[in-house]
Amino acid sequence: MKPINVGLLGIGTVGGGTFTVLKRNAEEITRRAGRPIRITTVADKNLELARRVTGGEVKLSDDAFAVVADPEIDIVVELIGGYGVARELVMKAIENGKHVVTANKALLAVHGNEIFAAAQKKGVMVAFEAAVAGGIPIIKALREGLTANRIEWLAGIINGTTNFILSEMRDKGLPFAEVLKEAQALGYAEADPTFDIEGVDAAHKATIMSAIAFGIPMQFDKAYIEGISKLDAVDIAYAEQLGYRIKLLGIARRRDEGIELRVHPTLIPAKRLIANVEGAMNAVLVQADAVGATLYYGKGAGAEPTASAVIADLVDVTRLHTADPEHRVPHLAFQPDQVQDIPVLPIEDVVTSYYLRMHVEDKPGVLADITRILADSGISIEALIQKEAAEGESHTDIILLTHQTVEGKANAAIVRIEALPVVQGRVTRLRMESL
Ligand SMILES: NC(=O)c1ccc[n+]([C@@H]2O[C@H](COP(=O)([O-])OP(=O)(O)OC[C@H]3O[C@@H](n4cnc5c(N)ncnc54)[C@H](O)[C@@H]3O)[C@@H](O)[C@H]2O)c1
Ligand SMILES: N[C@@H](CCO)C(=O)O
Ligand code: NA
């Protein structure tokens, strides 16, 4: 059995995990793949690290470009990250007729259209299971398992770092910065952790899922993105009191008018399975017309969970690399000429329900003024709490949960509420999904 030769670019968290798992489970993986998958060369600019992780068993290089040009290499595994050098390396690998496996969601969400077009032209595969929800086989599920269905929407906890932060803050009352440091030490966070905290990483993943769920191009630049940095602990507590959990969700939903593609902190009924996904765990809920709802749960980050997905792709590529390109699973699940340019809707056109918190003067008539504005805007109220003002305080909190409405209408109503003299400061608005 002639081995298939792999060039591994980047041997950090995921690269290290990939090397270790491939070695540990080599025998079983070979039995599945039909031939040995051999890491021939590892390229990392940190040669000392590469030596330590590999024990010097394979060829080492600090020049990743030499590896993508090496005629011996059949598959390039890109685990460097970012869209600078990683993009150049992936494009070069494709140009050189090599298959690519990558965990790089940033690269695919931003440059995927160009990369998949080049791969299609060259007849090579670009596999990316590790790019979304780490070890959870969600790409496989969306692209192959659900092909009978019209997918209606999907919603996921797809960033381990922020879910870990939200869980630890809620359960242990730990401060944000401390939990973030822990997430970084555990290898969950991106090189630039603002990508995690500000929702960018989740938006990369939601963009990729939207493309394969609906057969649309990557439209990351159209995604609405709001992270957890402005989330107030008081809203987490009020949400609990109302029977909700706040999670950073990535949502992609098909509507007649277009696609909703958004990432934001979201109130979810506490009884839902997905509301109970804690720590660095990920979960993706998919609603499809024939099968109904399916839920995918597991580790979305970390060395070996992510390596699990990278190696699954390596096995897929090994099994399929001699197949006629036409007989392979299309990169974006739909045949390339069937990808449709459905627009992503602006956030003002999104339909959802809202949690609104306002700090108001504690006097008669205030609530009536606020509810009148909402009624005038055609927004109905689902639940309401008015806190009693604390001893000696003239102001108190009102929390309102609304029924579904168009975001533009909610924005206009919020502006009017904020203009009331009895309302102090800004209205805090969080979106809610019943899922
Ligand atoms: N860490 C996770 O849990 C996780 C999960 C899913 C996907 N990912 C993605 O996997 C990729 C890698 O992430 P990571 O956490 O392993 O990162 P990392 O920083 O731990 O590893 C990156 C490695 O690439 C090397 N490198 C950087 N520039 C290089 C260059 N020009 N040439 C050669 N080597 C170079 C670094 O020295 C480092 O060893 C990223 O795209 C990330 O988004 C990570
Ligand atoms: N930084 C990412 C890694 C997995 O893609 C996360 O926290 O989920
Ligand atoms: Na995955």
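Glycine is treated like the rest: Cβ placed from N, Cα and C.
TrEMBL lists Lys205 with the feature active site, proton donor. Residues annotated as NADP(+) binding site in TrEMBL: Leu9, Gly10, Ile11, Gly12, Thr13, Val14, Gly15, Gly16. Taken from TrEMBL, the feature NADPH binding site covers Lys105. Feature annotation from TrEMBL assigns L-homoserine binding site to Glu190.
Feature map: TrEMBL annotations on the structure.
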residue : record                    : Cβ neighbours (10 Å)
Leu9    : NADP(+) binding site      : 26
Gly10   : NADP(+) binding site      : 28
Ile11   : NADP(+) binding site      : 28
Thr13   : NADP(+) binding site      : 21
Val14   : NADP(+) binding site      : 29
Gly15   : NADP(+) binding site      : 30
Gly16   : NADP(+) binding site      : 24
Lys105  : NADPH binding site        : 29
Glu190  : L-homoserine binding site : 20
Lys205  : active site, proton donor : 26
Exercise for the section: Compare the Cα of Thr13 (NADP(+) binding site) against each of the recorded positions Lys105, Glu190, Lys205 and report the nearest. Expected result: Glu190
Handout entry: Long-range Cβ environment of Gly12 (NADP(+) binding site), under 8 Å and at least 6 residues apart
Key = Asp44, Leu49, Leu79
Exercise for the section: For Gly15 (NADP(+) binding site) and Lys205 (active site, proton donor), determine the Cα separation and express it in whole Å. Expected result: 20
Exercise for the section: Would you mind reading off the Cα separation of the residue listed as 'L-homoserine binding site' from Ile11 (NADP(+) binding site), to the nearest angstrom? Expected result: 15
Practice task
Using C-alpha atoms only, work out the spacing between the residue listed as 'active site, proton donor' and Ile11 (NADP(+) binding site) and round it to an integer in Å.
Solution key: 22
Fill in the blank from the handout: Those same-chain residues, other than Leu9, Gly10, Ile11, Gly12, Thr13, Val14, Gly15, Gly16, found with Cβ within 8 Å of the centroid of the NADP(+)-site Cβ atoms are Leu8, Gly17, Thr18, Phe19, Asp44, Leu79, Ile80
Practice task
Around ligand 2, within a Cβ distance of under 6 Å, which of the recorded positions Leu9, Gly12, Thr13, Gly15, Glu190, Lys205 show up?
Solution key: Glu190
Practice task
Please check each of the recorded positions Gly10, Gly12, Val14, Lys205 and report the ones with a CB atom less than 6 Å from an atom of ligand 1, ordered along the sequence.
Solution key: Gly10, Gly12, Val14
Fill in the blank from the handout: Between the C-alpha atoms of Val14 (NADP(+) binding site) and Lys105 (NADPH binding site), the distance in angstrom, to the nearest integer, is 13
Fill in the blank from the handout: Here the Cα-Cα span from Ile11 (NADP(+) binding site) to Lys105 (NADPH binding site), rounded to a whole number of angstrom, reaches 17
